[in-house]
Amino acid sequence: MSTLTAYRRRLTDRARDLPPLAVDAAIAAACWSIMVFQASIDDLLTWWMPVAALANALPLIWRRRYPFTVTVVTGIGTMWLAMAELLGHLPAAQLVATYTFAALCPPVLRLTAVALSAVALALSILVPDDEVLNLGLQGIAFSVAYALGVSARARRSRIAMLEERARRLAGQREAAAARERTRIAREMHDIIAHSMSMIAIQAEAGPVVVRSDPGKAEEVFDTISATARESLAQLRRVLGVLRTDEAATGPPPDLDGLPALIAGFRHSGLDVTLAIGGEARRVPADLGATAYRIVQESLTNTVKHAGAASATVRLEWAGSALRLEICDDGPGEASAGPVDELGRGRAERAGHGPESPAGHGLIGMRERVAAADGELTAGPGDGGVGFRVTASLPLP
């Protein structure tokens with residue numbers, strides 16, 4: 001049975017590869033041959049009967065493009081052949097036209113045709129008794145042709161629906177893949193920017209510490225090693241998503257990791273103060289990771305670009321939102337002037353502008369906050385001193 005099914009599928013696939021016009025021309029030729037053969041069996045064959053049968057079957061070549069017109073023209077030709085007593089028991093061309101009509105024409109026309117067929121059936125009582133059997137056979141044949149056409153139409157509609165669903169699912173998969181690529185890019189940027197900045201600062205300070213305080217040098221190198229190991233572990237977790245469908249090897253960063261994050265910045269020489277207000281609540285993992293990355297990226301930019309000695313991180317649980325504020329005491333607009341000779345403000349000169357490397361970090365923060373339906377602002381602090389990043393993340 002499976003072999004027969006496979007063979008039928010191969011034939012169907014080959015038939016689909018043929019030009020539709022050639023297939024319809026072959027069907028028209030077959031119908032012409034059937035009508036001539038029936039006429040010869042029933043002693044109805046005359047010299048001009050093949051010509052009339054050709055005129056009846058020829059419109060089938062255009063049955064796909066003009067199904068209703070071809071059905072009407074073929075029907076008129078079939079009626080003429082019947083009245084001329086040149087038609088066999090089964091009008092092959094009209095049966096094919098009926099199948100095409102049911103398969104391709106809109107429902108309104110199909111219902112109209114069914115109504116007319118019912119009227120014709122009612123009038124069949126006027127047919128002489130010796131023609132009742134022939135009329136019954138033709139009625140059955142037309143009913144089967146019509147049912148096959150309706151079935152083909154339903155099958156095509158189902159296939160079209162499945163193809164549309166497949167296209168929609170493919171689009172959803174592509175969108176999900178794009179979102180995942182963007183998420184991974186943000187994660188890698190945050191991890192690498194933070195870790196490389198910390199390692200660079202500690203490495204630059206190493207020679208100075210060795211000369212001034214050799215006992216503290218070991219602590220500096222321990223910080224470099226710990227930062228590198230932690231960053232490698234986070235990169236493995238992020239990149240592991242690309243290699244396997246299984247869950248990541250570790251949990252994503254969240255608010256519980258803020259004290260350790262801030263301790264790392266303190267080791268790098270930045271005096272960071274963490275202030276928490278309100279009653280803490282449990283937040284989804286993605287929201288916690290967003291808040292963590294905002295703090296991490298803001299403090300990384302402060303260390304890399306602002307020349308600040310201290311920074312403050314404020315986390316406030318305010319009703320339906322989690323509010324973050326990260327500010328530093330860098331030079332700011334007050335001391336550095338509003339613009340330089342290139343027309344850049346302090347945010348761009350200090351590395352926070354859109355054209356600077358850190359500007360990509362700001363873009364990433366904005367994208368993270370937008371994905372959480374929150375709001376983010378970044379700009380000079382009060383009085384133009386320092387730089388401040390604020391974010392408001394709605395809580396579920």
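Just so you know, glycine gets a Cβ as well, placed from its N, Cα and C.
When TrEMBL is compared with the stretches 243-264, 375-396, the one noted as region 'Disordered' is 375-396. Remote same-chain residues near the transmembrane segment (66-87) are listed as 35, 38-39, 44, 46, 49, 52-53, 55-57, 59-60, 93-94, 97-98, 100-101, 103-105, 109 (criterion: CB distance under 8 Å, separation of at least six residues from the stretch ends). Residue counts for the region 'Disordered' (375-396) under DSSP, helix first, then strand, then coil, are 3 helix, 14 strand, 5 coil. Residues in the domain 'DUF7134' (20-156) partition by DSSP class (helix H, G, I; strand E, B; coil) as 114 helix, 0 strand, 23 coil.
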